[in-house]
Each structure stands twice: as C-alpha cells, then as structure tokens.
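K.L.:
Can you read through this structure? Questions will come right after.
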Amino acid sequence: MSAKPGMNGSSGAHPRLILRGITKRYPGVLANDRIDLTLGAGEIHALLGENGAGKSTLVQIVYGVVRADAGRILWNGAAVTVDGPAGARALGIGMVFQHFSLFESLTVAENVALGLDPKSEAGARDMAALSARIAEVSARYGLTLDPEARVFDLSVGERQRVEIVRCLLQDPSLLIMDEPTSVLTPQEADQLFETLRRLAAEGRTILYISHKLDEIRRLCDSATILRGGRVVATCDPRTETAPSLARLMIGEEVRATRKETAGAKPRMDELLRVEGLSMKATNPLGTPLHDVRLRLREGEILGIAGVAGNGQNTLLAALSGELPAPRADAIRFEGVSIGLEGARARRDRGINFVPEDRLGHGAVADLSLADNALLSGWRRWSLVRRGLVSFARSRERAEQVVARFSVAAPGAHAAARSLSGGNLQKFIIGREIMQRPRLLIAAHPTWGVDAGAAAAIHKALIELAASGAGVIVVSQDLDELFTLADRVAVICAGRLSASRPAHEVTAEDVGLMMGGLFDAAIAKGGGVPSETGDTRDGG
Amino acid sequence: MDILSMILMSVVAAATPLLFAGLGELVTEKAGVLNLGVEGMMLMGAVIGFAVTAVTGTAFLGIPAAALAGAAMAGLFALLTLNLLANQVATGLALTLFGVGLSSLIGQDFVGTPLDRLPQLDIPGLSTVPVIGPVLFGQDALVYLSLLAVGGVVWFLARTRAGLVLKAVGENPAAAHRLGHSVLGVRWLAVLFGGAMSGIGGAYLSLAYTPLWAENMTAGRGWIALALVVFATWRPGRVLLGAYLFGGVTIAQLHAQSAGIDIPSQFMSMLPYVATILVLVLISRDATRIRLNAPASIGKVFHPGG
Amino acid sequence: MAVSGLLGLRLERRANASRAMLLVTPPLAVLLTVLSGAVLFAALGFDPVKALMSYFVAPISTRYGIGELAVKATPLAMIGIGLALGFRGNVWNIGAEGQLTLGAICAGGLALAFHGQEGPWLLPLMMLAGAAGGLAYGAIPAWLRTRFNANEILTSLMLTYVGTLLLSYLVTGPWKDPDGFNFPESRLFNDAALLPIILDGTRMHLGAPLALLAVVVGWVIVARTLIGFQIKVVGLTPIAAGYAGFSQARTIWFTLLLSGGLAGLAGAIEVAGPIGQLQPSISPGYGFTAIIVAFLGRLHPVGVLLAALLMALSYLGGEHAQIELGLPLALTGVFQGMLLFFLLASDFLVHYRLRRVAPPGVRAARGRVGEARRRWTSFP
C-alpha cells in the first residue's frame, strides 16, 4: 500500500464528496429528504442520528447499495453515478458495515482476498504476498492481526480489523464506518479512533456514523445531524456539549434518565441466586461459562454489560432453561434448586425470557401473533387443555398484548414477519410481561428499536420491577443499562464480575471490566478519572 | 492376474461410481446446496451413457452424454431450488423419484442389450508389476479420471480463488453477496458439476462395473454417496478413502457369498447399507467436527433480494 | 435472480403467505403435468387425447375401477398422513417403504404362525403387529438422530434396503410356501387373516375406512393439538421451539414413530388386503410415492387425502395404459416426479410475489434471506 489517497484523482480544489438534494422514498416512509452533505479531504465527519433517521439509507446510496430517487453526487468535483459497491470501490469509496461480511471457517487472509477484486489487485491471487501486505497495513495503522488465523477464533474487535484492513487494501480516499463501536469495548474503541486519526492525517476522509455523542465529540471534526430523513444541523461537535447534540438529534430536551436508586427501595427478599455455574455453550463455537455467580432481589433490575460473544448467550440459555445447568443447585430460584429444569418448567415458576433475536427465537416469523402468544404463554395462560389448544383464547391474549402495549399491527392474525422490529419487540416484551413473571430476563431489549418504542419498553421494564418482579437485562448498550439497572455486572470471556450499584459505577469502570479487567475496575473504585480523561456518563 | 489383484481391482471398480458421485456432491454441498437427487442423477447418467454407447458404439460419446444427462437433471434442481427458492430436501427427493421413472422409461428398450465392458487402459510397463500393477495401472479410463478428479477437487478447493469463493458462498452467502460474488452463479456451477459427476458415476455402473442396463441399477449407491460426504466431513481426500472402504465392503460380501459362507445372501447384501448407517453414526455424534467442517449455509434457501 | 431479472420483474417476499396461492397451486401443478403428459405421449407417438383418456379417465369409469382407486389410495393416504406430520416438523422420514415392509413382515408372520388355528382375533392382532413393526423400524432412525445426530434421511433410506432384503430372505427361506413349487412366496393367508371386502364387486376392503380414520386423526393433531403446534414450530424455527419449551427430540420421536406406525399399518393392510400372502415385493413404491402425496397435499391431512386419490389414479392409469395402449409402466414414475416438480416450482408464488422492477439499485437493500432478520430490524 504505497499510493497516497490523493492520487485517486482528487485535484485538491474540490471537496472530496458533495451530495446535493439526495432523496429516497420507501413505501410509507421518506427515508432521505433532500439531503445535502459536503466532505473534505482529511476530514472525520460524523453522521449523527437516531435509528430510523435515514443514516443507513444515505450511506447505502453513497456506497451504491441503494439508488437514490433524486439528487446528485459529486466526487472530487465531478458528477458520478455509483453503480453498486464495486463501482463505489473503483471510485475510492470503502465501507465497513456494522454487520461484518466474514467467513468464520476461513483465514483472515482468505477473508481479505474475498473482498478484493482479482482483476485490479495483483495481490489477491498470491496468498503469500497478500499476507505480507496485510501484515504491513496492520502494522502501519495499529491494527494487529494474524493473517493465518481463522476468523472464528477472533474477538469481535479483531473481526472488525479484518473488515478495515480489507477496505484499506483498496486504498480508499473515503472510508465509511457504520456504527463501528457498537460492538467494541471502550478501550477497543480508543484503539480504533487512533487508527482513524492516522488515516485522516494521510488525507483520507472518514464518514463516521453513530448515535453515540461522546465519541463523536472526541473523534470528529464536523457533524451532520439527521432527524426523520432530513438534515437538521451541521456543526462542529467539539464545540457542542453532549446534551446540545442530543437535543439536535432527538429534537427535544433529553430527560435525565438515570434511575433514582440509592436507598429508595425497601430491602426485598432474594429471588435468584446463581453460584458456581460453569458450563459449555450450546454451539461448539460458543463461549463457555466459568464459575458464574449472581444474586437478584425482588423488585431489582440487574444489568449485565459485555461485548457480544463473551458468554451472554450461554448465560441467557442457562437462566432461561433452554440449556439447563449441569447441577441443580447452581441456580436457585425462590430457594428452590432449578438448575436442571428446562425452559418449560422455569416458565411455570414465572421465569420469562425475552431473547435477543426477535424473528427466529422469541417469535416465529411465519406464524400469526395469536400463535406467537401461544408459543410462550401456553402454560401460564392455560391455553392448552388435555393436549387440545384453544386458539380463540390465544387470539384474545394476543389482542390484549397488542392493545396494552400499543403494538402497531393489523390484528392478532398478522404474521410476526409483517411487523416492524420495534413493534414486534413491544409485542414480545408485552407478551412476557402480561404473563406476570416473577423474574424477567431480557436480552438487548431495545436493540435496533426506534426511540419511541425503546422508551415504552424501558418504562414497561421499570414498572414490572416496581411491581416486585426481578429483572435481568443483558445489553451492550451502556446507556440503556444505566437507564434501567439498580445494579450492574459485566460479563467477559464467560466470567461475570461482581455486581455493583449502578450509581457507584462509571461507564469507564464498565469499559475496563468489559475488557476483562475486573480487578482494575474494582481497585479504582467509583469516580477516579481514567487515563484517557474521557467522561462517559451514560447520558 | 492373481486372485489378490483381481479382488483389489473389483474393489476399485465397486468404489469408482461412489467416488464420482461423492466428489460431485461434495462440491455441491461446499457451495451450500444439499442435492438429495444423486440417485436420480446417477440413474439418468447410467441409462443415457448406456444408450448412447449402445447406439453409437463408442463410450467416448456415451460418457460425455452421461455427464450431460446428470448435469441436465442437476440444472432442473438448480432452477427449482436456486431460482424458484424451492425446499432443497423436497426437490432433491423429487429429482430422485423422477430420475427413477424417467430412466426406466428411456431404458426399457435397452434391457438385455449386451455391451462390451469399458476397455482397460494398461499403462505399458507398469501394469505388469505383480499385484499392484494391474490395480494401479491396468484400469479403465474412468478409474483414472476419478482419481484425477480427486486431485483436481483438492487443488481447486485449497489453492484456487474460485475454490475460495465457492467455500465462502457455502459458509455465508449473504456476506459473499455483499462482497460482490454471484451466489447464484457459483451455486449453479457447483450443482451442475455435482450432476455431471453423478452422471459419470452412473455411467461407470452401466458401462464398466456391470456392462448392462437394468432398472434401478444404482441400488441406493446415490444415497451411499451422500453418506460418504458426511463420512468424509466434506474433505475430498476422505471421500476417496470412504469410497474405497465401501467398495471393499461390497466386494467382501460378494466374495463371502461365492466362498459358500453359510449366511443367507440377503444378509450379506445388507452389509453396505448397514455399514453406511454405522459410519454415519460414528461421524455424526461428534457435533463439533460436523460444525467446523460442514458448510454453514447448507440446505438453506438464499434470496439475494432481486 | 436470473430468471425474473430477465423479465424485468423482481421477487419479493410476501409478509403473509398467500392462502389463495396455497390452494391454487396444487391444481395448477396437476394441470401442467397433464399438459406435459400430452406432449410426452405425442413424443412417444401416441394420440395425446386418447392416451390421456386411457390414463386418467378410463380406469375409474367402472365400479371396479373406483374400488381399485380406493385400494391404492389407502396405503398412500395412510403413509402420507404420517410423513406430512413429520415434514411439517422438518423430520424427513423417507424410509416409509421400509417401515411398510416391516409392517407387512410382522403382520404376515402372525398370519403364517397361526395358519390353521385362526379366530376373529387374528386380524386385529395382525394390524397391531404391523403398526408395531413399522413403529419399531421408525424408532431406529429416531434413536440414531436423537442419540447420535445421524441424519434420518440417510438412515431411514438405508433401512429400507435392509427391510426389503429381510423380506426377500424370509420368503425365499423360512417362510417359503412348502407347496409353492419353490416360488419365493409365502403360502396364501387363510380367510380369517384377510381384510373383508366392503364394496361388492370390487376389491375395496376394510383398510379404506381405516385410512379415512387416519386422515381424521391427522387433522385433529394438526389443527387442534399442542403436539401439532409443536411440530409446526419445530419445523419452522427450532430455536423458537426451544424457547417455548418444546423438545425437538420429542418431535423427532413422535413423528418418526407415528409415520413408521402408519406405514407399518399400511403394510399390514396390503398383505391382509389385496395381496393375501407375503411376496418379495409387496409395494409398488407406496412409501416413496407417499412423499409426493404429502407435498402435493400441502402437508395437510385433507390435502393428503385428495393427493392420495390422485396418485392412486396415476398408478391405475399407468397399469391401464400399459394394457390398453402398450405404454410403458415407467411413465407412472415420470408423471409423479413431474407433478412434484411443478408443485415445488409453483410454491414460490405462495411465499413470494413478482413485482415490476424498481430502480435497479434498490434491490440489494431489501429483504435478504439469511441476514435479513438482523438487517431488517434496523432498516426504516
């Protein structure tokens, strides 16, 4: 990788990319409404907005995945049409998607090779030369990678590096990063920022998509803020505060979200106790658990933070009973050893579960909402008598959930597939809450859900806890955990940290623990400033 | 030729149809497609190979015709499963049922037609070495072709970019599509290759193994070939091993019968089928190994959104 | 999408499967098969209209013919019901032919064992033995799948070959008719071991109402019971089944035992009905044709019944056309295979619809099966 990005045809006189009046309409929604955007060389530009603000659509237009209905794209001053991702790459536009395009059973070098055009890149055919170039690029930008490692052995952060290296080998002059830190620990994110700054210093332009205010203020030179498909502001984020950016993004004064917790609640009885829980994962490639212990009281919300793939799935399976624990007394619920019980028996005890994957786990895509009510509620709601199902009563229950949780659906007969993500999630959470659980376990309850639905879901979870049930929320979203949880614990490499009251913990402590540094975080205690000096506060 | 080389030769002959079909199915499955129609494709290859050879008098036309017949059947499968997004299991079953019927229909005029066995191609000098000479160097052309095919598939999957793309498509078609690879194109080619190989495997039965045509003459070999791919945990070298192992079992039971061992012939004939079940059980119980080697997307419908 | 792309059309997944298409496509597939049949007949040098009449109409234009239709539809419906339930749950028992054979062996063995000392108890006992035999034979792939994760498609099929060889051994060895001039057949069963005829002048026997009963039971299971719902969820989304507390192993056991038992019962009915003895071949591939029956019937018991009648007609037509026109019997298999192809091909209309192409760039953005779920949630 010797060519400077400037050689990609930039004259220097024009901004690298100008978008004028980009408009894109989907059935029922105007995703992009006359969007203007200007990106200069060497600039790190934030594209800020909530889920559904139109960020993804806009960058997919730039990257050629989606064709705009109207508007112009000027690349180094010349009008262009981007015909697909290959055309974008030919122009010098690279993109790192939020969801990786990786092949687990193949090596890093093979994964990179698959992303290169064999005609344009000499190295793509000779794997040895390619490995050498990967090593070179890795070293240059601080992206440590072993070209011969297989992807299934890599952490999420390392996987992202594979994606970035794949992009950099094509020598892009514009690099689009789509929510890159959503899967990283704060420390990994810092490393990434370092890399991005080096790239910008070489004159490359970075378009950085995020809804995380702090990191945008730390990283970006300029920001374009989208709301409801329109540009609502362009600003220098370094001169803004997090609340002022949030106001622009959401359009109203943000509420103080952290729960009032300390001492507000009377001491309730212990509901759940997990001790010495060690077990293998469901999937041979999953993360096993090591000596997990946790306690939960009635009325308490426990937040479990952690980077994806650190044993959350195994822990959730163990708690929900989908994968029973190896020992009965590893999990005790209301004083009874339930470790060996399966999902059905646990649900009979009032342990309900909202899984991460809505359409393939918490609901069956092709079945109606009524059938999906039957799916988890058939025991608690007594929808089955002597092996015969009462479909009328299932329908009734589904309709109740739809009504009480304001699910936008044509009725109980609608297939789960036909609902939007947020509405389906409201339905699933509503379905579990209306079964009056004693303990609700929710995984990533607002992942990919729009702001309105997320607020409704948070409210429902808090009310459930207020009614005396215990709630465990597993999430990667620290803001969410600090909004909800009374106590916070962190899972890393299959081990769970001790939980601590949410108001005593800083986001940075959690970040250290997400990287496995349990002791460091504990030793530092609560409010000691970090070495990076950044003050993430969940707001 | 001594007895031992004759036995070994017959083991190779019994193994070769399985080797062809197994290799073809391996490539198909590596691309993420499960084609259960191997039996039907083999039968079509067997009957077309036989008919064309019988009519034209030369296997040089019969064998390519068999490959084409297998590929045509596979093309039908590809159209249904890849373009029309039909369930792969159901379509594969349909292909087998269809192949059984169609091959009987085509072959009814050829039942009882005599045909010369595919000639042995002795490699001068080497084929006269005792025992291994005839086994290794005194075979017919298709046996050599099958061994070349093993090497070719090993090389293709491990060394070529196209092989890499094929594996990527089988592992994660959505990602391959995003990177600009034609998932449907790759899968079509893989399925056609599988069909052609099955067709040749079938032709080996009707031209070389027992040079005649009989209805349903594959007798489950297509299914055994499918089991072989699992046995081989999707590695071509092990398909070779597995095919020769099964060839050995087949020949062992034949010889046991002719040697007058006092077990009813039917029980001996069960051996290859029982052996297949045992092998499947032994391999399948190690879920980790299956997961690490099986193409992750196998059998799943992929719709590239257009 | 190579094909639709050429036509300037785009394939789009329907949010809700089309019920209309679900009902329209099977007759459409039948129609296409008949048309292709006409072409095929013409290609073979027969008058297509005459051949089609001889194949599809003539066989059932007599009372006897109707009875024959019932005789052939009986095992097809019975096996098809069991297979359809399994297929709903993604349990691919394709060894019904073997389970049928084992059922025939068990029932036939009983008839032979009590030869000459029968009572009215014998026939029910034979039916039970047949069902038990098929059930036990279906239990083998269930056990291998749940215990060792061995693919039931391959194991159940391999067992079919084993079962056929076992029958061949029995009728050429220990159970051979001592007065049978060395033919590989058992002796003929006595009347007490034969199913009574229920329609005079035909061969329609008591098995037909038994098959209808199986259809009704199958319908109740599918439409009303928890186990039916459970099978459906396991088939659609196994992970969601685990979430609901439905056991996949239980579904595998239930469907394989049920379909094996029904196939075994069908085998018992065949030997105690139209055949009346044990022979090396007791079924013209009913166990395999029932796979087509299950799909053609949309995996629904009522559909299975209709499909069984249609497939029975294809057997009769094949035999009739062979006798009358000298058409090859193998045509039956070709027709059956074609029908299944046309049905599978038209299936996509149920779940997808064709739309005129929007600007080309849009395509990649939407509904990608596979990653679709995750992407879908975050997409406007």
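Using the three backbone atoms N, Cα and C, a Cβ is placed for every residue, glycine included.
A quick note: this is a predicted structure, and the numbers were derived from the prediction, not measured.
Taken from TrEMBL, the feature transmembrane segment covers B:6-28, B:40-61, B:67-86, B:93-111, B:131-158, B:188-207, B:213-232, B:239-257, B:263-283.
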K.L.:
For the transmembrane segment (B:213-232), which partner among B:6-28, B:67-86, B:188-207, B:239-257, B:263-283 gives the most CB pairs under 8 Å?
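P.N.:
It is B:6-28 that shares the most Cβ pairs under 8 Å with the transmembrane segment (B:213-232).
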K.L.:
Which listed stretch (B:40-61, B:93-111, B:188-207, B:239-257, B:263-283) has the most C-beta pairs under 8 A with the transmembrane segment (B:67-86)?
P.N.:
B:188-207
K.L.:
Same chain, outside the transmembrane segment (B:263-283) by at least 6, Cβ under 8 Å from its Cβ: which residues?
P.N.:
220, 223-224, 227, 230-231, 233, 242, 246, 249-250, 252-254, 256-257, 289-290
K.L.:
Given pairs 6 or more apart, does the transmembrane segment (B:40-61) have at least three Cβ pairs under 8 Å with the transmembrane segment (B:188-207)?
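P.N.:
With 3 or more qualifying Cβ pairs, these stretches touch.
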K.L.:
Using a Cβ distance cut-off of under 8 Å, indicate which of B:6-28, B:93-111, B:239-257 has the most pairs with the transmembrane segment (B:188-207).
P.N.:
B:6-28
K.L.:
Counting only residues 6 or more past its boundaries, what in the same chain has a CB within less than 8 Å of a CB in the transmembrane segment (B:6-28)?
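P.N.:
Non-local partners: 34-35, 38, 41-42, 70, 74, 131-132, 134-135, 138-139, 142-143, 146, 149-150, 153, 156-157, 166, 190-191, 193-198, 200-202, 204-205, 208-209, 218, 221-222, 224-226, 228-229, 232, 234, 236, 239-240, 242-244, 246-248, 250-251, 254-255.
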